[in-house]
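Feature list (source: TrEMBL):
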type: DOMAIN; residues: 114-365; note: domain 'CDC20/Fizzy WD40'
type: REPEAT; residues: 121-162; note: repeat 'WD'
type: REPEAT; residues: 204-236; note: repeat 'WD'
type: REPEAT; residues: 334-367; note: repeat 'WD'
Amino acid sequence: MDQDYERRLLRQINHQNVPEACSPVTVKSGDRFIPTRAGSNWSINFHYANENCWSPNQNQRAKDASTDTGKDAVAYAALLRNELLGAGIETVPDPHTDDRRNAILTQDTHSLFRVTRLCDLSVDGDSVTSVCWNERGSLVAVGTHKGFVQIWDAAGGRKLTSLEGHSARVGALAWNGEQLSSGSRDRVILQRDVRTPPPVERRLQGHRQEVCGLKWSPDHQHLASGGNDNKLLVWNSSSLLPVQQYSDHLAAVKAIAWSPHQHGLLASGGGTADRCLRFWNTLTGQALQSTDTGSQVCNLAWSKHANELVSTHGYSQNQILVWKYPSLTQVAKLTGHSYRVLYLAVSPDGEAIVTGAGDETLRFWNVFSKTRCTKESKSVLNLFTRIR
């Protein structure tokens with residue numbers, strides 16, 4: 001490989017040579033959580049967590065495994081096609097050929113995508129304010145600015161039903177089996193079983209301002225909700241009143257995530273006036289660790305493979321951070337978005353994430369690796385260690 005080509009290749013991997021087509025467009029004004037999408041022209045960027053993002057120990061491990069870099073690039077491209085994009089099964093090429101390496105790093109990234117328009121609410125003077133897949137990946141719920149919740153069969157491209165009940169925009173959705181919870185600016189959480197026509201409805205009223213975040217626990221027994229009133233509430237599957245309330249945040253709570261590794265462990269993040277990640281033992285109602293991230297916390301998601309989580313941020317740094325738990329060591333800092341990173345989704349295999357921001361770009365990151373799995377700590381000081 002000649003030196004000029006090698007330098008260009010390294011610049012591309014380190015995100016220093018961003019294609020002009022992927023540069024952010026002019027930021028449009030928007031409210032606190034839902035950016036204006038008028039005239040949206042979303043760009044797509046692909047990123048690997050590069051060597052400069054990791055700690056010194058991880059840098060050394062990355063160098064030791066440098067011979068696998070090409071293989072990871074090919075596997076990641078196949079991941080995007082197969083799991084994130086639903087484009088059918090793709091064979092991973094031989095990782096030992098130079099032609100394969102060059103092709104993957106220089107191909108047009110837009111060719112990886114098959115974009116299908118599911119719905120256009122503008123014809124009804126409405127707009128999308130939230131989306132959420134069900135656990136099987138067959139249905140997608142769509143919350144709208146006018147307060148409707150639509151259920152769509154994604155594969156068939158048809159709307160199954162449109163649910164009323166909210167009087168303002170629906171900014172948060174969460175599936176729990178066949179039940180769908182929706183949170184609105186009207187301060188109400190509606191829980192409905194979509195199998196019954198009309199759906200059986202439960203109204204949960206506990207927030208005094210807009211409901212910004214909703215997440216069901218992995219055991220399907222508890223719903224966590226965050227609000228613009230700075231409150232984090234926990235509901236069980238039968239009560240109409242919250243069973244727990246946490247009031248330590250100093251700003252809106254949009255970012256919520258239950259740990260898949262430790263039963264009852266809940267993480268939450270606060271807005272610009274708070275900036276903190278906080279962890280809660282919902283089995284005892286106790287507050288655990290907290291850390292100031294330096295920026296508005298917009299989203300949280302746990303790794304499926306290790307005791308780590310990723311957070312996305314807004315003002316003022318618009319960064320993406322990967323944390324080790326319970327030490328809260330910052331494993332990686334990823335930058336590239338020029339506006340707050342309001343949207344986050346994890347790929348089905350748990351290794352990649354996609355982020356969307358007010359800069360109207362979607363960016364894919366390979367942040368969680370199965371090979372970096374760590375066993376859960378068995379310390380007697382760990383409140384969540386199971387007693388056998």
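Glycine residues also receive a Cβ, built from the backbone N, Cα and C atoms like all the rest.
What TrEMBL says about a protein is an automatic prediction, not a curated fact.
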Could you give me three numbers for the repeat 'WD' (204-236), the DSSP helix, strand and coil residue counts?
0 helix, 19 strand, 14 coil
Average pLDDT across the domain 'CDC20/Fizzy WD40' (114-365), rounded to a whole number:
95
